[in-house]
Each structure stands twice: as C-alpha cells, then as structure tokens.
Amino acid sequence: MTDLIRQGALFLMSEKCYDNYFLEHNFLDVPCFKALLSKGLGLAIIAGSVLVKVPQVLKILNSKSGEGINIVGVVLDLLAISFHLSYNFMHGYPFSAWGDSTFLAIQTVTIAVLVLFFNGRKAQSGLFLVGYVVLMYVLNSGLTPMSVLFTIQSCNIPILLVGKLSQAYTNYQAGSTGQLSAATVIMMFAGSVARIFTSIQETGDFMIILTFIASTFANSVILGQLIYYWNKPAGVKVKASKSKKPKTKKDD
C-alpha cells in the first residue's frame, strides 16, 4: 500500500519533493509547491479539455447549423492547436504540459467538419477530415525536422490571433455571438490563463509561454463579446443617432 501511494505521489512530484513532504514534513518548500501546483493544474486542464468544446459540438448538432461560426477562424484555431501539440510531443515535454491539445484538436476538427457539413459542403467536410489526419501523421511521425516544427510554432501566434480575432469580427458584424457556446468560451479563456503558469513551470519554453499569452488575449476579446451581446438579439446593432431638426425656409 505504501509503495502504491509513493508511486502515485511520484506521478505528481519529483523524488526530492516527495522526500520533503512525506519524510521531512517540510510543507513550506516553495519550488516543490509550485511544481505540484503546476502538475495539478495541468492534469485538471487536460481533464477539462475532454469536454471543453463538447457544448459547442452539441449546439451545432441540435440546431443543425453553424450560423455565426467563422470557418476560417475554426481552421486557423485547429492549426494553432495542432502545431502546438506536435511541437511539444516531438520535444518530449511532459504530457501534463500539453495533453489538453490532443482533446482540443479532436473537438476542433469535429466542429470544422460539422460547420462544413451543415453549410451544404458535405464532400469538402470529408476531404477536410482526411487531409487533417494526413497532416498530423506528417507532423508527429518524425518526417518533419525539428527546425521546421520550431518555425511552425513561432508562426502559431499570428495564426492564433488571426483565427480568434476573425471570429470576433464575425461576432461584431452580426451583432451577436451566434452559435458560440458560452461554456466553451469561458473554459477556453480559463485554460489559456492557467497554461501560462504551467508552461513556465514545466517547459520554460519562451515560445510556448508567449503563445499562451496571445491566446489569453484573444480569448478575452471573445469572452468580452459574449458578455456584451448576452441579452441582445442576433443581427441587431445599436447605433447612436442624433436627432436633427428639419430645416425650414422663411419667406423674406
């Protein structure tokens, strides 16, 4: 039983931290606390990511519509997630630092396929799925050099920003967040904030940290729109107008 507890604890912390906590009873070790918090947050994010976009998928399925969802934004978001996943996987970083990307990728490609399908582009939806599977094989099988993966990861920030902000622009034009799921938007924002901390602790990779800072900014814009448009009907924009008095001509 003791060995089982030890193995479980070592999954969350290093041997040094295990000794500090369980043998020396030193519970005030700051580096160990940060490492344990980061690991716990990482695993919680992964657990949450299993369902984070499911509300969005269900909303599309129930309405049989992808109205209000910018397909370009979804595809760019999918590319950013996939490049991040491949970069971390091929670098050998801990699964707790990037495992959520696996589930986010699966759910995002599902959303892209559904949006295409319900927009009447059924053939394209199937081809898109096949193309994505081929892309992931190329990125994660060792066929892609690490130098290329690093370059791709560095391109993630503009890809991510363009993808998210294009959705924000679509929301602005429609005067509504359409079929966007509130639960998904909130969880994506919270996850990106937490990932800044876990990336600092578990990878120390500046490029990954900067990516999550950009992601947090973009997600905050969409979250702000969600709150702003919450009780406003779709397609209605409030425009400020000034009343003008009609001009009249007076006879000389």
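Cβ atoms here come from the backbone N, Cα and C positions, even for glycine.
Among the features that TrEMBL reports, transmembrane segment is placed at 68-90 (among others). Beyond the transmembrane segment (68-90), the same-chain residues lying 6 or more positions past its ends with a Cβ under 8 Å from any Cβ of the stretch are 60, 97-98, 101-102, 104-105, 108-109, 111-112, 115-116, 119, 132, 135-136, 139-140, 142, 144, 146, 149-150, 152-153, 155-156, 159-160, 162-164, 166-167, 169-171, 174, 176-180, 203, 208, 211, 215, 234.
Outside the transmembrane segment (102-120), and at least 6 residues removed from its termini, the chain residues within Cβ reach (under 8 Å) are 46, 49-50, 52-54, 56-57, 60-61, 64-66, 69, 71, 74-75, 77-78, 81-82, 85, 126, 128-129, 132, 136. If you look up TrEMBL, you'll see 102-120 (among others) marked as transmembrane segment.
Per TrEMBL, transmembrane segment is recorded for 127-152 (among others).
Annotation comment: TrEMBL describes 172-194 (among others) as transmembrane segment.
Packing against the transmembrane segment (206-230) from elsewhere in the chain are residues 80, 84, 87-88, 150, 153-154, 156-157, 160-161, 163-165, 167-168, 171-172, 175-177, 180, 182, 185-186, 188-189, 192-193, 195-196, 199-200: each is 6 or more residues past its ends and has a CB under 8 Å from a CB in it. Look at TrEMBL and you will find 206-230 (among others) tagged as transmembrane segment.
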| message | Using Cβ atoms and a strict cutoff of less than 8 Å, what residues sit near the transmembrane segment (127-152) while being 6 or more residues removed from its termini? | response | 78, 82-83, 85-87, 89-91, 105, 109, 112-113, 116, 207
